[in-house]
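Colleague: Quick one: the structure is below, questions incoming.
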Amino acid sequence: MFDVVTVDVLLGAAFLGIGLWAWAEKGVLSNISSITDLGGFDPVWLFIVVGGVMFILGFAGCIGALRENTALLKFFSVFLGLIFFLELTAGILAFAFKDWIKDQLNFFINNNVKAYRDDIDLQNLIDFAQDYWSCCGAHGPNDWNLNIYFNCTELNPSRERCGVPFSCCVKDPAEDVLNTQCGYDVRLQVELDQQKYIYTKGCVGQFEKWLQDNLIVVAGIFVGIALLQIFGICLAQNLVSDIKAVKANW
């Protein structure tokens with residue numbers, strides 16, 4: 001168990017370090033109030049939260065096993081059990097309230113479309129998602145009207161007016177250099193013509209399709225994570241029982 005939790009501590013520290021470094025590069029650590037300035041989702045939060053949880057869990061398990069501290073081992077076991085319970089609850093609720101989850105996903109994507117230019121990490125995340133799932137916006141390219149740089153209003157002075165980000169563009173295999181201006185003015189054309197140049201399907205629908213096509217793989221990953229968590233809980237409880245048994249013989 002000691003070796004497993006040591007790896008957990010190191011991974012958690014690495015994720016936490018990457019997250020803090022990213023915040024330092026963006027000046028967040030020198031101005032904590034800027035955390036709330038971003039209208040969309042900051043991907044750095046993933047590294048901070050995941051790294052923090054992994055580090056706390058790993059530290060408690062590592063020190064608990066090394067020092068034979070039953071309190072820390074029980075904390076490790078209970079905390080891991082709580083995470084497992086929350087994951088299980090989230091999975092059941094997601095299955096039971098699929099339509100509500102779909103609406104929340106749509107709301108989440110549109111919020112991040114609005115904040116596309118506000119944060120480089122968010123921008124890279126959106127570009128990756130649109131390119132990977134061959135989609136554009138939550139329900140389609142017109143969702144980019146929500147962004148002040150891409151909307152089609154007459155008062156918009158941006159060169160990107162009535163366009164979409166380059167990640168929405170259909171890639172040309174013969175093109176060696178990425179054309180970041182491929183989405184300019186594309187939404188001024190009728191939808192049939194748009195399909196020649198950009199993806200016209202929304203990311204919500206494409207994500208659903210991807211989940212259905214990869215359901216076995218996704219389910220296998222979640223089952224694997226759940227088994228690892230159960231295994232960790234069992235190891236911690238067995239170690240606590242062994243420590244108590246040894247102390248009882250003193």
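The backbone N, Cα and C atoms fix where each Cβ goes, glycine too.
Pulled these from TrEMBL:
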type	residues	note
DISULFID	Cys135-Cys168	disulfide bond
DISULFID	Cys136-Cys152	disulfide bond
TRANSMEM	7-24	transmembrane segment
TRANSMEM	44-66	transmembrane segment
TRANSMEM	78-97	transmembrane segment
TRANSMEM	215-240	transmembrane segment
Colleague: By a simple count, how many Cβ atoms lie within 10 Å of the Cβ of Cys152 (disulfide bond), its own Cβ left out?
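Modeller: There are 14 such Cβ atoms around Cys152 (disulfide bond).
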Colleague: What stretch in 7-24, 78-97, 215-240 has the biggest tally of Cβ pairs under 8 Å against the transmembrane segment (44-66)?
Modeller: 7-24
Colleague: Short question: which residues 6 or more past the ends of the transmembrane segment (78-97) have a Cβ under 8 Å from it?
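Modeller: Distant contacts of the transmembrane segment (78-97): 53, 56-57, 60, 222, 225-226, 229-230, 232-233, 236.
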Colleague: To the nearest whole angstrom, state the Cα distance for the pair Cys168 (disulfide bond) and Cys136 (disulfide bond).
Modeller: 5
Colleague: Return only the integer: C-alpha distance in Å from Cys152 (disulfide bond) to Cys135 (disulfide bond).
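Modeller: Cys152 (disulfide bond) to Cys135 (disulfide bond), Cα-Cα distance: 20 Å.
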Colleague: Six or more residues beyond either end and a Cβ under 8 Å away: which residues meet both conditions relative to the transmembrane segment (7-24)?
Modeller: 30, 44-48, 50-59, 61-62, 121
Colleague: Near the Cβ of Cys168 (disulfide bond), how many other Cβ atoms are there if near means within 10 Å?
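Modeller: Step by step: centre on the Cβ of Cys168 (disulfide bond), count other Cβ atoms within 10 Å, giving 29.
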Colleague: Within 10 Å of the Cβ of Cys135 (disulfide bond), how many other Cβ atoms can you find? Include all protein chains, please.
Modeller: 27
Colleague: Near Cys136 (disulfide bond), which residues of its chain come within a Cβ-Cβ distance under 8 Å, counting only those 6 or more away in sequence?
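Modeller: Within the chain, Cys136 (disulfide bond) has Cβ neighbours under 8 Å at Gln130, Asp143, Trp144, Val164, Cys168, Ile198, Tyr199, Thr200, Lys201, Gly202, Cys203.
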